[in-house]
Protein chains: 2
Amino acid sequence: MRTRPLKVALLGCGVVGSEVARIMTTHADDLAARIGAPVELAGVAVRRPGRVRAGIDPALVTTDATALVKRGDIDVVVEVIGGIEPARGLITTAFEHGASVVSANKALLAEDGPALHQAAEAHGADLYYEAAVAGAIPLVRPLRESLVGDKVNRVLGIVNGTTNFILDRMDTSGAGYAEALDEATALGYAEADPTADVEGFDAAAKAAILAGIAFHTRVSLDQVHREGITEVTAADIRSARRMGCTVKLLAICERAQDGNSVTARVHPAMIPLSHPLASVREAYNAVFVEAEAAGRLMFYGPGAGGSPTASAVLGDLVAACRNKLSGARGPGESAYTQLPVSPTGQAVTRYHISLDVSDKPGVLAQCAMVFAEHGVSIDTVRQQGKAAAPEGAQPGSDAATGSDGEASLVVVTHRATDAALSATVEALRKLDTVRGVASTMRVEGE
Amino acid sequence: MRTRPLKVALLGCGVVGSEVARIMTTHADDLAARIGAPVELAGVAVRRPGRVRAGIDPALVTTDATALVKRGDIDVVVEVIGGIEPARGLITTAFEHGASVVSANKALLAEDGPALHQAAEAHGADLYYEAAVAGAIPLVRPLRESLVGDKVNRVLGIVNGTTNFILDRMDTSGAGYAEALDEATALGYAEADPTADVEGFDAAAKAAILAGIAFHTRVSLDQVHREGITEVTAADIRSARRMGCTVKLLAICERAQDGNSVTARVHPAMIPLSHPLASVREAYNAVFVEAEAAGRLMFYGPGAGGSPTASAVLGDLVAACRNKLSGARGPGESAYTQLPVSPTGQAVTRYHISLDVSDKPGVLAQCAMVFAEHGVSIDTVRQQGKAAAPEGAQPGSDAATGSDGEASLVVVTHRATDAALSATVEALRKLDTVRGVASTMRVEGE
């Protein structure tokens, strides 16, 4: 074994960074044996130097991250700051000074992955980022390496723990969105400003990264259709239950049927309770990968948290260190197929539509005509209201007619393009008898 | 991109080999782009040259595998023959002639992995074997690379599709073992001679491989405790159901609580229906990995079959080819910890024991004394028989007293060492009132 240690600069020492530092210390012998050389924490860049950091030599702590990555003797930079800047500048500087980089930064990878990969390439360095997607779950490496001889057609999964926790709570307790969010915040599953999670930005960044790897095609963040969970209501969850479904925030990356384009989208969707993703509880993540030869694979585990994220960072750190020792390089960006990224309108999906309608005969016929005009086939209709009943639908067991003669109509469609479905909903809104569209939600996983 | 193609020798052209050849042809452009050079099938060694092989140039087919691997211009040898010889000799010869090897051969890897790794090392070649464990499911690479910075404490899973199919059928249809095996054979899930699967040899080989990687310790096949499913009865399955469990053949690799030894075992076990492994149906595989930092991860997918296995082989082939191009090497054997492999007796587990006893008072007390003497605590007891009832147990709803005054006693224990549990069972056998031990089965997954 080589005795001169490999030097690691740690950028950021929050929940993840401090756990990385702790494991590097407590498991130093194991890491050395697995790498083939000892690995040493050469510096830790932080914003607030005053904070007590258990187990970290205060002499290693600096607020000058730039000077640390410019030292010239750093073999690997571990970036767990998050956000776009200063992380981007520091990573680029690290490459320029000969270091490889391990990053957990999904926002940056999604925003600027190609440029970072190019910078790594230009300087013969590695860029690893397993921790950027789904925490400890090995997903980036299996997609980049294990399935590299296969053709991935679909990646579908739960990649945000905060929203899964909220939706799980709404499902199990019947709570509304606001109440479930409060609980998530109180338990530390949601941040004080939960926007990145609940509006789907975090999941969209992961979808962009996953689609890029899976399809060997650059997918930028603004090409990912994004809807969060803030408009999911307790009524939606109840409605899902009546259909034998639950509601999950899904990231879906798909190759079109003709193979000539791809889509990436993040939105809440109803999935059948029998689907394995339906039983993914609390803040866990799970991702299905469908490949031509491999078939359907699922990867499941904790999608966030200090220790799980540190596990992924350390796996990458060992790989980057091994490559440093042997002069090898890990896989770079693979974007040779350059498939067009289609707007989500071309994705084929099903809709669950809940309408508030006038409680009088003829409404169903009028609505059904709108569906037919848009070429959207109806799977099931459930009417809730007195006057509507004679049209033949079964009133729901919990039917309730509004006191002002309002009723509701719940339609589940067959598969159609997202564009046709949203055009249908727009046309329904214009009907005199439709007082409002209470909710629309896609149905997936069948 | 380099234009001189990398040359691949394929040893074996059965279900897996022919699929590897097909994908290499149909996806040649993708493979070239991902490797950075075209990859070419340079020869296919088969036993029976007469068979028609769709899509394979007959000029490539040879019966002289040794000459093929000795050609000297082969970059990567793909071994999908299976079995110990001639596979072992061919792989060793391949290394000697400068080729890297991708193998799907679990029996050989389990039997002789260390020697093969040493031969690869000696010649600066790669040995990849993702396809040897759990088919298409990325498991070897995640354990070898993604989790290499973590400390794996437990690997527990369903790694044999044939036995899972049989047990699943027994569970869903109430069929006995022989009947379910016949169905598996008829549907092609079991081979004409099912011994390797149903006696647990296949799963034991995978357990040896997984334990070796997970614990950085050599685990030989004869160190894996092995029980097959041939003695699992319809009564066991019904008994499991009454406990809210199902029966699965599990491979379990564990680090001892004190961290100083490991065990590996394969046996049928009852697991709660709420456990994710309980819902792994038909011939699917699923493996849990518990690591110190990562927490609990699960990997799920098709564990066998031509296409899924070919997917794993091709992923490894791309990796081996990339390494050839860049002069790098993939991870070698990691067995630095050399932890002792304990006999299974030291594993801590629970037992479900079904006894045929004399149908008279005092039997339960006598049996309970035996458990107490061995320090094994009883969780629940269920008696089925008239005379036994006054001792206070609830007769089962399907209680049946044998016509000759026989009754049954079903005991589920708390956790104890396997050694204490098997000693208890031996002592029970010696009691006059115990006419026989109908079955013993471990209870896992809680």
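Here the Cβ of each residue, glycine as well, is placed from N, Cα and C on the backbone.
Record features (TrEMBL):
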type: ACT_SITE; residues: A:Lys206; note: active site, proton donor
type: BINDING; residues: A:Lys106; note: NADPH binding site
type: BINDING; residues: A:Glu191; note: L-homoserine binding site
type: DOMAIN; residues: A:352-442; note: domain 'ACT'
type: REGION; residues: A:382-405; note: region 'Disordered'
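Here the features listed in TrEMBL are placed on the structure.
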{"residue": "A:Lys106", "record": "NADPH binding site", "CB count, 10 Å": "26"}
{"residue": "A:Glu191", "record": "L-homoserine binding site", "CB count, 10 Å": "13"}
{"residue": "A:Lys206", "record": "active site, proton donor", "CB count, 10 Å": "30"}
On average, residues of the domain 'ACT' (A:352-442) score a pLDDT of 81
In which DSSP state, out of helix, strand and coil, do we find A:Lys106 (NADPH binding site)? helix
Fill in the CA-CA distance, the residue listed as 'active site, proton donor' to the residue listed as 'NADPH binding site', as an integer in Å. 6
How long is the line from the C-alpha of A:Lys106 (NADPH binding site) to the C-alpha of A:Glu191 (L-homoserine binding site), rounded to the nearest angstrom? 17
